[in-house]
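*Asks:* There's a structure below that I have some questions on.
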Amino acid sequence: MAEGIVTERAGQKITVYLPEEGRELRGVPLGKVRKKEKVFAGDIVEGRVVDSSTFAIERVKERKNLLVRPPIANVDKVVVVSTLKNPEFQNFLLDNLLVVYDHLGLDTVVVFNKVDLLDPKEREELNRWVEIYRNAGYPVVTASVETGEGLKKLREELKGVTSIFAGPSGVGKSSLISKLTGVELRTGQVSRKTERGRHTTREVRLIPFEGGFIGDAPGFSRVDALNFMEREEVRLHFPEFGRYQCRFSDCLHLEEEGCEVREAVKRGEIPCERFKSYLKMLKVYLPWLSEVCKEE
Ligand SMILES: Nc1nc2c(ncn2[C@@H]2O[C@H](COP(=O)(O)OP(=O)(O)OP(=O)(O)O)[C@@H](O)[C@H]2O)c(=O)[nH]1
Ligand SMILES: [Mg+2]
Ligand SMILES: [Zn+2]
């Protein structure tokens, strides 16, 4: 028996990567696998090399997890890519993604790409966001496919793990992956067409990289944390809130007495941007907040 990892699942086509040989073969699920279970990219499979191009899949190993969009199994880490401009930064979308991936038990890395486009003033604005996410506890990388900034740091984050790139359309997910791995991916126009729904491709592909795998994903335009969890759970996925002890352990940090998170927002220790995202996720409006957090 040999062990491989499914790197591609497109319709009936399955590709299996054999780490020991460093090559990819066509995967053919044997009867019992075909009948009993679906095979996803990221699956660890056992089977036999039957000829120079074919791997017969006899068993799919139990999955650690299975993402829905994109459909990839056994993901360790999500690289959430944003840009300050082109497209404009949407911190609410980033915050939702960070909450949802933490809920799913995945590590996250925050990447700000296309920093080559920023003038000094915009670079300062970006630095403020970088500080906000670093202080919250996330690893943050500023990157540019054009200048190569941040790619070494990103490479370190990807070593030995299965990671996917997520974030809005057009931020450069595919471009970053191509630049890192040297593998050509469809970028720009083609995926924009897909966004319009002209040619929604379901194919998913993992690229072997530095002892791990990288998966590309289609851009998200909207993610709603409440579709994944109860409103009581959301606060647990804001790491910076966990540093404060409120009077009540089930405090939602809204209008409860003895809420230390609220005091921290008032003192400026928790940034307004993050706390506003939290309230927006819960669909709550608090009058005191407009006093503390003046509109920019
Ligand atoms: N100036 C600049 N342009 C970039 C950079 N990275 C990507 N781009 C450009 O941004 C556009 C979108 O890049 P993609 O890699 O297709 O973006 P994506 O995130 O994969 O988009 P979707 O697949 O639609 O979700 C392309 O025209 C890229 O050439 C960068 O660091 N700097
Ligand atoms: Mg893309
Ligand atoms: Zn509280």
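Yeah, the Cβs are placed from backbone N, Cα and C, and that goes for glycine too.
Predicted, not measured: the structure shown is a model, and the values here were computed from it.
Here TrEMBL flags 64-223 as domain 'CP-type G'. Feature annotation from TrEMBL assigns domain 'EngC GTPase' to 73-221. What TrEMBL records for N113, K114, V115, D116, G167, P168, S169, G170, V171, G172, K173, S174, S175 is GTP binding site. Look at TrEMBL and you will find C246, C251, H253, C259 tagged as Zn(2+) binding site.
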*Asks:* How long is the line from the C-alpha of G167 (GTP binding site) to the C-alpha of C246 (Zn(2+) binding site), rounded to the nearest angstrom?
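*Replies:* A Cα-Cα distance of 33 Å.
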*Asks:* Near ligand 3, which of the binding-site residues V115, V171, S175, C251 are found, taking a Cβ distance under 6 A to any of its atoms?
*Replies:* C251
*Asks:* Would you list, in sequence order, the residues of this chain other than C246, C251, H253, C259 that have their CB within 8 A of the centroid of the site's CB atoms, where the site is the one recorded for Zn(2+)?
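*Replies:* Residues close to the Zn(2+) site, other than C246, C251, H253, C259: Y244, R247, F248, L252, L254, E256, G258, E260, V261, R262.
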*Asks:* Including all protein chains displayed, how many Cβ atoms other than that of S175 (GTP binding site) lie within 10 Å of its Cβ?
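*Replies:* Excluding its own Cβ, S175 (GTP binding site) sees 20 Cβ atoms within 10 Å.
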*Asks:* Within the domain 'CP-type G' (64-223) only, compute the mean pLDDT.
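*Replies:* So the average pLDDT across the domain 'CP-type G' (64-223) works out to 89.
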*Asks:* Do any of the binding-site residues S169, V171, C259 touch ligand 1, in the sense that the CB is under 6 Å from one of its atoms?
*Replies:* S169, V171
*Asks:* Identify which of the following binding-site residues, namely G167, S169, S175, C246, H253, C259, place a Cβ less than 6 Å away from any atom of ligand 2, and list them by sequence position.
*Replies:* none
*Asks:* Enter the number of other CB atoms within 10 angstroms of the CB of G167 (GTP binding site).
*Replies:* 25
*Asks:* Look up V115 (GTP binding site) in the DSSP assignment and report helix, strand or coil.
*Replies:* helix
*Asks:* Around H253 (Zn(2+) binding site), how many other C-beta atoms are within 10 angstroms of its C-beta?
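*Replies:* Its Cβ shell of radius 10 Å holds 23 other Cβ atoms.
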*Asks:* Return the single residue from the binding-site residues list (N113, S169) that has the minimum number of other CB atoms within 10 Å.
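*Replies:* S169, out of the binding-site residues N113, S169, has the fewest neighbouring Cβ atoms within 10 Å.
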*Asks:* What does DSSP give as the helix, strand and coil breakdown of the domain 'EngC GTPase' (73-221)?
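*Replies:* Secondary-structure composition of the domain 'EngC GTPase' (73-221): 57 helix, 33 strand, 59 coil.
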